[in-house]
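Taken verbatim from TrEMBL:
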ACT_SITE  A:Y636  active site, O-(3'-phospho-DNA)-tyrosine intermediate
COILED    A:223-250  coiled coil
COMPBIAS  A:76-105  compositional bias 'Basic and acidic residues'
DOMAIN    A:273-650  domain 'DNA topoisomerase I eukaryotic-type'
REGION    A:1-45  region 'Disordered'
REGION    A:60-106  region 'Disordered'
REGION    A:577-598  region 'Disordered'
Amino acid sequence: CSEHKDSSEKKHKDKEKTKHKDGSSEKHKDKHKDKDKEKRKEEKVGVSLELCFFACFCSPPRIKDEPDDDGFYASPKEDSKPLKRPREDDDADYKPKKIKTEDIKKAKKRKQEEEEVMWEEERYPEGIKWKFLEHKGPVFAPPYEPLPENVKFYYDGKVMKLSTKAEEVATFFAKMLDHEYTTKEIFRKNFFKDWRKEMTSEEKSTITNLSKCDFTHMSQYFKAQSEARKQMSKEEKQKIKEENERLLKEYGYCVMDNHKERIANFKIEPPGLFRGRGNHPKMGMLKRRIMPEDIIINCSKDSKIPAPPPGHKWKEVRHDNKVTWLVSWTENIQGSIKYIMLNPSSRIKGEKDWQKYETARRLKKFVDKIRNQYREDWKSKEMKVRQRAVALYFIDKLALRAGNEKEEGETADTVGCCSLRVEHIKLHPELDGQEYVVEFDFLGKDSIRYYNKVPVEKRVFKNLQLFMENKQPEDDLFDRLNTSILNKHLQDLMEGLTAKVFRTYNASITLQQQLKELTNPDDNIPAKILSYNRANRAVAILCNHQRAPPKTFEKSMMNLQSKIDAKKEQLADARRELKSAKADAKVRRDEKSKKTVESKKKAVQRIEEQLMKLEVQATDREENKQIALGTSKLNYLDPRISVAWCKKWGIPIEKIYNKTQREKFAWAIDMAEEDYEF
DNA sequence: CAAGTCACTTAGAAGCCGAATC
DNA sequence: GATTCGGCTTCTAAGTGACTTG
């Protein structure tokens, strides 16, 4: 543990160094040859300090000064105080003299710009993600428990006892019997093929037709089981809860450098049937059980290396501090690698998140130039350049995803911008009174449908016609383009720029602009929150974040409506009472009746407020029917915009972010002031 | 430069749980 | 006390994009 302390002291020395670097920035004055480079350097200096600031702020749960139960040591005292941010005058030397004449607004803006950062230089040298990493390894899925004797499986109407392996796979199917999946041809075919692989040779020769398999008894058994779980006594439930907490405490955390950090997914995915989204060619395939022998452990050389379960070995233990994962294994459906990584509240995720928004903010400065550029490129002599420019226009205007190529037959047929095919768009020279309308209809990520009719500029329209000439519906729309070409181009336009940055940028800028537009200073808090949700919704619509309308939607809407009706009646009653109290007071003219009037007045007001709140809620819910706000909130909206908005209007942050979200955005909550501008 | 590998972010659905309601 | 409902958490699939290899 003393080593932890050592390394953290080193860290502090590093911080000192950075400060010195900052102090020596006068040098820049003399070098005016390469302005861009110089500017980058300035920004780099800013980074390290900001990052330290960040690291100090954003890593709950913090380690206390005393070693805790787990023997984790705290970081030294100094670490627990945030480093001061660089003051403006620290680098005033190389600012042009003009600065004095600038008005305060400009100065403020400049200050914000200075806080922006270049990211190639991190707290650690080139690509190093941590210095110390210790964890307990993953938690494996519980072993299979064979069914009790009385739970039967029937084949062709006759009882059949399955071998344990075959039975396990059968239960996976039985558990999904109510799901639409099990009616799908591909699912059944894939399942049956993989199931047969697990059978003994006798089973294989008997069970030749899935339709003759009867899983209903098994299915009923599982339903009864889950029912029984619900009916458990408080004590039993408590016991399970405690066991889960123990597991979390033991395996749910790791130490990365000087912080104890929450792990996101410390449990290994249990075996089961693969559930792809949309029309997935591999749905129903058997996801095999992961064993310690499949597992690669990643941790520090000098940490306590997690022990594999008794009688087992890890596939490999490595010490790669250029990556952030703790555990990995290769999954058998797509052959891709799965990882165990840290929670979004961790330093390493938070920093990255912050970095993402800083890149998007940098795009703000370049975006006008880039837009002019692609407009020019629509006229280019080169087909490749035109396609690139039109694709970029879509990515920018419609917030489409980049659209990497995918291997045919391995995944559901979905596309993004660069992989759009001719069949995915229709061109309307005129539609509903608008000129040059492009009708998009395709399946995007997760097989979510993107449907949109967009009027575009004439040049774009003409280009699209050109791109579609002599092509079949299944041909690529942008046949000279892929994401790699596009991203290379973007990289030239701005360092760190890729297609996905446009989504982040447009989402965040839309939120900021919508908040400005929709917030009415005179509104009360619930109404302001409605405005926030509407701004959020505008972004979700832009990014096409949809959800299946909840099954209970209609019902819950009706419930809410009846609540509103009841409240309205209550209000009418209260108003009547107020009226009669007023009349009464007019006649009697005594103190007591005056007081009654006052209290009735208050009651009316209170009910009015409650009614309004309910009505707002109803509007909000109705508008949210098929739109999911969560994804944009979590992944696209610079949290500092929301924090600033809350501060500006005195809205408690809890109304916008729940506990988990506050943990994830701790850095932003600490950092952003009321006047933050994206 | 095409294909493959790897790391990491983004995504909606399912499951769970506690508060509200009957 | 039982049931319902909605929000939060968990789960893991499905993307992006950097990098490597042939």
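Using the three backbone atoms N, Cα and C, a Cβ is placed for every residue, glycine included.
A TrEMBL annotation is a machine prediction, not a hand-curated record.
Looking only at the domain 'DNA topoisomerase I eukaryotic-type' (A:273-650), the predicted model's pLDDT averages out at 91. Beyond the ends of the coiled coil (A:223-250), by six or more residues, the same chain brings 136, 139 to within a C-beta distance below 8 angstroms of the stretch. With a 10 A radius on its CB, A:Y636 (active site, O-(3'-phospho-DNA)-tyrosine intermediate) counts 25 other CB atoms from all the protein chains.
Helix first, then strand, then coil: DSSP counts for the region 'Disordered' (A:577-598) stand at 20 helix, 0 strand, 2 coil.
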